[in-house]
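Asker: Here it is, the structure, as structure tokens.
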């Protein structure tokens, strides 16, 4: 019988019904020494029942939670630098490769399109291989594409290389997945916001870094047409270094690495087809797909076009246009964490409904300021509009990832992947519609993009959780459907529930009770009743 | 850059706000302070740039046309190679010139022909002189001399591929253009020459690129295989 282990990692209900799966670690000698004392004592931070950290200390590097956080956002930051490294150097590149505006625009679309597929794949990779390998694959397999800029001679090669470099934006998914398994739901909005925001900052930093590196290389004696190629070695090299750090210093899950845990039976392997089906079947996934397409999507588009816009429309010098463009991306440092924090705060007061409202408010406000940016004809007004637009949109990105971890427990990775892919899809679409043709000026393109974003934010009103409600509807009053356990265990078939494979989801459901509004939480019924698995 | 001090200020403010779980009123006050300080710092940075903007509206159409006779003769037939081939440029005062008294300096520039401006708005010809981007490459600047002048110009290595002509601006003591002359006609269709840019590639770069790429992929594979092996050993124990 499985009830031999005392204080084993997992719920205290383990073994009561005798229907739970007997795990092979019960025979493993090494894991028993681990269980002799309190398993949570080995963590540097206080943890919950899933060993996810309950507090967030950004200045700490404690193993494994804070280390995962820092490795995650730095990987993502490096990938943003690589993907948008070409943007500030376009004035030099377009002369070297004899590009037209159409070529430049198409390459911009290509730079964000590759990630649509890689972000989808990354969700699956994380679910199956763990976040560490997901990140390392993304970094180290795309580093060759960054180096291959030295071979490019014309528009076709340029487009192909930017397309391939764009694949590395999949680190976004692995980074968010990593923080979602390492940090508790109450603070996940802030943690994801910081990781996402500080990573996105790479898009701003690159607008300053690449021209600076280019200048230094030119001072060392290279011609401009060679200097920009050498400059690309910097992001490539960074990717390799960070990839190695991730593999040596990182850990997939609070309890260890995925392959070790899977082989010892502590984490059960899931079937990809099931993970995929439950992600795709959930309509909320697709609403988040569209929403992210018009928050992160327009942010990625702006990274590609804003420097050129200020250079051309307001006749700024290249360096000045670069500084302005960098400010847009750098606002991510506080704007996205702020969005995540606001989402967590709203959840504390109003539960999930608060999170949804915050998301809608930020995204709509950002879109309205984008419309204003296109209309502004004087430089100070344009910059003001751009900064307000950046804060609104980036906070919306942070708020969205305060909601995403609750949509599914089983398919968390794939949903992060699909949402992330939505961001890239939105960017490709807006660049194609508004910035690749001479039909409208860039200024009109910006306003139209803002209008489209405001419209496409409305679907957030349709996200409804039976246990928590939606923007305009209350939670279900049905006794069974209003429980978190019902929602999360409905992702498992009866057969799987009998095998006890859904235990992780039950644990998660208990921890997610924080998403009820304060009023409902206070009137909650006693724990033992809700802690009972439903199949008993 | 004016923003870094504000960013560290903001970060410490944000950490404080989180750890003491303030009410939403102080949160909004802090965010308002952040927005105000960011906007102020940006305005200060920009005031410098705006003053450089030079919003004078001197027009190209006001300049005296054909005041100088300019010729540009390529050193050989066909498409010229940047960094290697030369242009023989001469300029002298035209008999039709009227504003000669104001000429102090002659600025000779390499300009794009219309065919190289198609679908490239960054090379657009504009009437406002400060906005005009069709003549970005400087060839030579010389003090004005009544006698015919000439210059042997080697095409720089940062000249892009395209079709060009040469234009000489006559500039007065206030550094304002007053007249010009060009090696082509008004429609910019005659006496044009083509340039092929350098590729910017180099063998050493190619080799370095391949080496780093191989290292990256190999390092990943080595780690992956190693860990799989270790996990198998763990399991078999």
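From the backbone N, Cα and C atoms, a Cβ is placed for every residue, glycine too.
Predicted, not measured: the structure shown is a model, and the values here were computed from it.
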Asker: Have a look at A:286-306, A:475-495, A:496-516 and point to the one annotated transmembrane segment in TrEMBL.
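Answerer: Feature transmembrane segment in TrEMBL: residues A:286-306.
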Asker: From the ranges A:133-153, A:259-279, pick the one that TrEMBL records as transmembrane segment.
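Answerer: Going through A:133-153, A:259-279 one by one, TrEMBL gives transmembrane segment for A:133-153.
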Asker: In TrEMBL, which of A:318-335, A:336-353 is tagged transmembrane segment?
Answerer: A:318-335
Asker: So which residues does the transmembrane segment (A:414-434) touch in its own chain, when a touch means Cβ under 8 Å and the partner is 6 or more beyond its ends?
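Answerer: Same-chain contacts beyond the ends: 105, 108-109, 112-113, 115-117, 119-124, 126-127, 166, 169-170, 172-173, 176-177, 180, 275-276, 279, 282, 285-286, 288-301, 304-305, 400-401, 404, 407-408, 440, 444-446, 448-449, 452.
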Asker: Given the cut-off of 8 Å on Cβ pairs that are 6 or more apart in sequence, determine whether the transmembrane segment (A:105-126) and the transmembrane segment (A:286-306) share at least 3 such pairs.
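Answerer: Between the transmembrane segment (A:105-126) and the transmembrane segment (A:286-306), contact is present.
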Asker: Across the whole of the domain 'Major facilitator superfamily (MFS) profile' (A:68-462), what does the mean pLDDT come to? Round it, please.
Answerer: 88
Asker: Under 8 Å between C-beta atoms and at least six residues away from its ends: which parts of the chain pack against the transmembrane segment (A:159-178)?
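Answerer: Same-chain contacts beyond the flanks: 68-69, 71-73, 75-76, 78-80, 82-83, 85-86, 103, 106-108, 110-115, 117-119, 121-123, 125-126, 131-132, 134-135, 138-139, 141-142, 145-146, 148-149, 152, 192, 195-196, 199, 239, 252, 401, 404, 412-413, 416-417, 420, 423-424.
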Asker: Honestly, do the transmembrane segment (A:226-249) and the transmembrane segment (A:190-214) touch, with at least three Cβ pairs under 8 Å and pairs 6 or more apart in sequence?
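Answerer: Yes, these stretches are in contact.
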Asker: Which stretch, A:71-93, A:286-306, A:318-335, A:381-407, A:446-465, tops the Cβ pairs under 8 Å count with the transmembrane segment (A:190-214)?
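Answerer: By the under-8 Å Cβ criterion, the transmembrane segment (A:190-214) pairs most with A:71-93.
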Asker: Below 8 angstroms Cβ to Cβ, which residues of this chain, lying six or more residues outside the transmembrane segment (A:446-465), approach it?
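Answerer: That would be 283-284, 287-288, 290-291, 293-295, 298, 301, 309, 352, 356, 359-360, 363-364, 366-375, 389, 403, 406, 430, 433-434, 440, 471-473, 475, 487, 515.
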Asker: Would you say the transmembrane segment (A:318-335) and the transmembrane segment (A:356-375) are touching, if the rule is that at least three C-beta pairs must lie under 8 angstroms and be 6 or more residues apart?
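Answerer: They do not touch: fewer than three Cβ pairs between the two stretches lie under 8 Å.
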